[in-house]
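Colleague: Can you keep this structure in mind? I'll have questions shortly.
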Ligand SMILES: CC(=O)N[C@H]1[C@@H](OP(=O)(O)OP(=O)(O)OC[C@H]2O[C@@H](n3ccc(=O)[nH]c3=O)[C@H](O)[C@@H]2O)O[C@H](CO)[C@@H](O)[C@@H]1O[C@H](C)C(=O)N[C@@H](C)C(=O)N[C@H](CCC(=O)O)C(=O)O
């Protein structure tokens with residue numbers, strides 16, 4: 001550690017009021033929330049957890065030569081013995097998660113000039129991705145950050161949708177260092193509740209929609225809703241923008257909360273009070289035409305996107321792009337370039353007869369139903385679905401997935417999907433119980449895809465469900481390269497005589 005780094009670090013932590021027990025400024029070389037990643041000189045944040053208190057690991061962190069420890073009162077009591085003959089700094093904070101985020105923000109310093117965040121039960125990934133794509137099409141260096149990792153003009157893998165503060169601030173700072181000026185991030189309710197966004201300067205926030213989810217974490221529906229509303233606390237005073245879908249009762253409540261906080265609202269929806277308003281959608285095999293109005297002015301655009309709900313996501317992204325200074329006409333001009341999130345209703349190939357092949361990540365009964373329902377208005381002919389269910393995972397869903405295919409598709413082909421340690425034939429048998437006798441069973445996934453593609457008549461569509469953007473099939477301990485989209489292209493090329 002250089003002398004310069006030492007003084008920078010200690011100055012920063014004391015700026016935050018993070019002082020050691022004896023009033024000395026702590027000197028650190030980095031920050032860790034997990035004892036297993038502590039390096040000499042690190043500040044170790046020992047947080048109270050749901051299964052264990054991070055203070056359990058303080059002795060280990062000290063052996064790893066941590067330079068300072070941040071914890072709460074309970075943690076300090078638990079580690080009193082370990083601290084007794086240690087002369088590093090112990091910082092005791094009332095709200096250690098908030099203190100950690102503040103320390104991470106100071107430590108990593110830089111972030112892109114424009115950061116927006118999107119919350120809501122579904123649509124977060126699409127809105128963040130579309131917002132990033134709009135910015136890129138307008139010529140800015142941009143990233144999206146969330147379930148798909150960090151994508152765009154800087155790349156990183158993430159373990160969480162909304163990463164813990166050390167990772168979040170590190171990634172934002174590295175992206176800014178690489179020249180990224182615009183970032184669109186997903187704000188999960190866990191992330192908001194755990195204050196993972198503290199220290200991020202958010203210029204505008206969007207709320208998509210709200211339905212039952214994560215009640216294993218949040219005590220009830222109201223608490224879950226309140227966590228989502230926390231997003232507005234992060235919006236910069238001089239940004240003052242909230243983009244809210246007001247088609248639902250929850251959306252209208254959220255709009256009232258944002259208004260009460262003095263934020264300028266951009267509303268989205270189908271009603272005549274929506275500023276970005278959906279006027280009509282016409283679906284076809286590869287996407288949709290969207291008729292919409294922006295502050296009363298009517299426009300039409302072609303969107304290469306499947307599913308009626310995508311119009312709301314596109315307008316939310318447009319709202320965020322407007323909030324960060326984009327001009328409406330310029331944004332509208334680039335909307336036809338938007339591409340779906342990888343592996344989510346992704347158009348993978350198209351046969352010479354016009355029939356389209358889509359790849360989607362749906363691997364649970366509800367998601368399979370939603371995917372098939374969203375595809376239906378685009379398809380004049382039949383929907384053929386190729387799908388399976390993973391081994392060593394919830395067995396109860398297998399029959400239900402079969403039933404979903406039987407009810408919502410016209411032709412079902414049951415195949416393998418990451419059998420892991422289980423016998424693939426018995427997984428397929430469980431699915432077939434729900435899929436019924438009309439369904440076809442083909443264990444080999446490539447063969448199943450080929451058969452599905454071969455069956456496509458003009459006006460039909462094929463949905464290959466389950467793996468989405470994954471690039472491997474897990475059999476036993478081995479991972480074999482396998483990419484549904486690639487297999488679809490190969491099958492189409494072979495059957496249409498392109499190879
Ligand atoms: C439920 C939840 O959000 N848990 C988060 C919480 O962990 P926890 O309270 O359970 O931690 P714990 O296991 O009890 O351990 C307590 C502390 O000891 C530390 N520890 C633990 C073990 C060890 O050897 N050394 C060590 O230092 C841990 O890092 C932690 O700080 O605090 C940890 C550190 O900040 C997070 O990593 C962890 O996220 C877990 C892994 C997680 O899976 N979270 C999911 C549910 C989540 O956040 N999901 C949302 C999106 C969901 C969605 O929209 O679908 C997300 O944003 O990804």
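Here the Cβ of each residue, glycine as well, is placed from N, Cα and C on the backbone.
No curator has checked TrEMBL annotations; they are predicted automatically.
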Colleague: With 417, 418, 419, 420, 466, 470 listed by TrEMBL as binding meso-2,6-diaminopimelate, identify the candidate in 376, 382, 393, 498 belonging to that site.
Modeller: 393
Colleague: Among the residue ranges 1-21, 22-42, I'd like the one that TrEMBL describes as region 'Disordered'.
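Modeller: Going through 1-21, 22-42 one by one, TrEMBL flags 1-21 as region 'Disordered'.
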Colleague: Where residue 125 (ATP binding site) and residue 228 (N6-carboxylysine) are concerned, what is their Cα separation in Å, rounded?
Modeller: 15
Colleague: Express the distance between the Cα positions of residue 228 (N6-carboxylysine) and residue 418 (meso-2,6-diaminopimelate binding site) as a whole number of Å.
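Modeller: With distance taken Cα to Cα, residue 418 (meso-2,6-diaminopimelate binding site) is 34 Å from residue 228 (N6-carboxylysine).
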Colleague: What other residues of the same chain, not counting 393, 417, 418, 419, 420, 466, 470, have a CB atom within 8 A of the CB centroid of the meso-2,6-diaminopimelate site?
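Modeller: Not counting the recorded site residues, we get 363, 388, 389, 390, 391, 416, 467, 473, 474.
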Colleague: Restricting to the same chain and to sequence separations of six or more, state which residues have a Cβ under 8 Å from that of residue 120 (ATP binding site).
Modeller: 127, 206, 207, 208, 209, 210, 228, 245
Colleague: Identify, among the binding-site residues 122, 125, 126, 418, the residue whose Cβ has the fewest other Cβ atoms within 10 Å in this structure.
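Modeller: Minimum Cβ neighbour count within 10 Å, taken over the binding-site residues 122, 125, 126, 418, occurs at 122.
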Colleague: Show, in sequence order, which residues other than 120, 121, 122, 123, 124, 125, 126 on the same chain lie with their Cβ within 8 Å of the centre of the Cβ atoms of the ATP site.
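Modeller: Sorted by sequence, the hits are 118, 127, 186, 208, 209, 313.
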